[in-house]
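Written out below as structure tokens is the structure these notes cover.
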Amino acid sequence: MLQTRLRPNNVAPCHELKRKEGEPKCRHSSGVSSLDYLHGRKAALSVRSAHPIFHPMGMDRVRKVTDMAVVKEAEPLTPAETPWGAPLVWGDNHNSARRRAKFVQRGLRVGLLALVVGTYAQFIRRFLSSAETHFLPGQVVTYYILTDNPRTLDPPVELGPEREMKVVPIAELPGWERLAHRRMTLLADAIRDPIDSEVDYIFCADVDQEFVAPVREEILGDLVATLHPELFGMPRNAFPYEVDEGSSAYVEEDEGDYYYTSEFYGGLVSEMYKLARACSLLILQDQANRITIRGLEESYLNRYLIDHRPTCVLSPEYSWWDSDLAAHVPVQRLAPPKDYQATGQYGCL
């Protein structure tokens with residue numbers, strides 16, 4: 001990470017805050033103590049994590065990394081493919097240029113879905129404005145906004161040619177934990193109607209981000225996942241997979257190649273429906289057994305992507321956080337707004 005973001009003295013840790021309904025869940029600094037950067041020599045640095053599940057949920061459980069002294073490269077390599085042969089996308093390299101050329105003339109229809117509830121409405125206009133500039137320029141794009149308050153979008157946001165927005169009303173979901181557990185069901189329902197008949201690809205993005213550099217056709221694939229910015233380059237035993245053996249999201253110690261973020265992922269509509277439907281059923285199974293897991297829907301997403309490996313993996317360029325643990329990337333393409341980052345409270349839905 002190129003910048004250091006410290007939590008202000010008057011901001012309580014995330015697990016000590018009492019949130020109002022619909023209030024963003026903060027991504028703040030955790031109690032991670034040190035990080036060894038390897039670039040010819042080791043240097044111990046004090047690091048803080050933006051990931052909401054490292055500190056409050058306890059990385060000291062079962063698969064801890066001793067004293068959180070984690071070995072991470074100062075400048076991680078930029079591999080061109082995954083161990084199973086899927087492309088690993090860095091937006092400005094030659095492979096990405098070839099991928100863009102493969103898709104650009106196909107006349108594709110792409111959807112971009114965001115969930116906008118409660119106080120997250122403050123982000124929607126900036127999110128859409130940035131997408132108009134940087135998300136698949138030249139392609140036919142439909143924005144699907146799932147919201148509990150359609151009046152948030154009055155007056156309508158002005159869109160360019162071959163761009164449209166569809167508002168999908170949803171019932172108010174009090175509390176961020178309940179909302180997180182409902183996201184996959186809401187996604188599956190929206191894909192079934194109206195998304196399935198209207199677009200070829202659908203991507204999901206957290207609305208408290210903005211596109212800050214071009215995101216083009218290189219992202220397209222059957223099933224697309226994005227590497228978590230804080231965990232790229234980390235050893236496998238640092239990944240916060242679910243450790244409760246009773247959970248349907250449980251991951252064995254010998255499973256898993258990468259840890260993926262839930263902030264940006266997508267693919268063919270048919271594949272995304274399978275993902276959303278499967279994850280929602282896993283969540284319901286745990287709820288029936290009264291199991292609450294630490295990573296919420298991100299843990300179920302990672303469980304699914306272990307069993308169904310992505311056909312395209314996006315580098316942390318496509319989901320970047322202002323955190324000392326985040327990977328250095330050549331270009332930041334999707335990130336929280338800078339003024340939001342400065343508060344130390346940017347959140348995840």
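Using the three backbone atoms N, Cα and C, a Cβ is placed for every residue, glycine included.
Residues or ranges marked as transmembrane segment by TrEMBL: 107-124. Here TrEMBL flags Tyr120, Asp206, Val207, Asp208 as UDP-N-acetyl-alpha-D-galactosamine binding site. The feature Mn(2+) binding site is assigned by TrEMBL to Asp206, Asp208. The annotation active site, nucleophile is assigned in TrEMBL to Glu298.
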How big is the gap, in Å, between the Cα of Asp206 (UDP-N-acetyl-alpha-D-galactosamine binding site) and that of the residue listed as 'active site, nucleophile', rounded to a whole number? 12
So if I draw a 10 Å sphere around the Cβ of Asp206 (UDP-N-acetyl-alpha-D-galactosamine binding site), how many other Cβ atoms end up inside it? 22
For a quick check of packing: other C-beta atoms within 10 Å of the C-beta of Val207 (UDP-N-acetyl-alpha-D-galactosamine binding site), how many? 23
Pairwise over Tyr120, Asp206, Val207, Asp208, annotated as binding UDP-N-acetyl-alpha-D-galactosamine, what's the top Cα to Cα distance to the nearest Å? 10
Quick one: Cα separation, Glu298 (active site, nucleophile) versus Val207 (UDP-N-acetyl-alpha-D-galactosamine binding site), in Å? 16
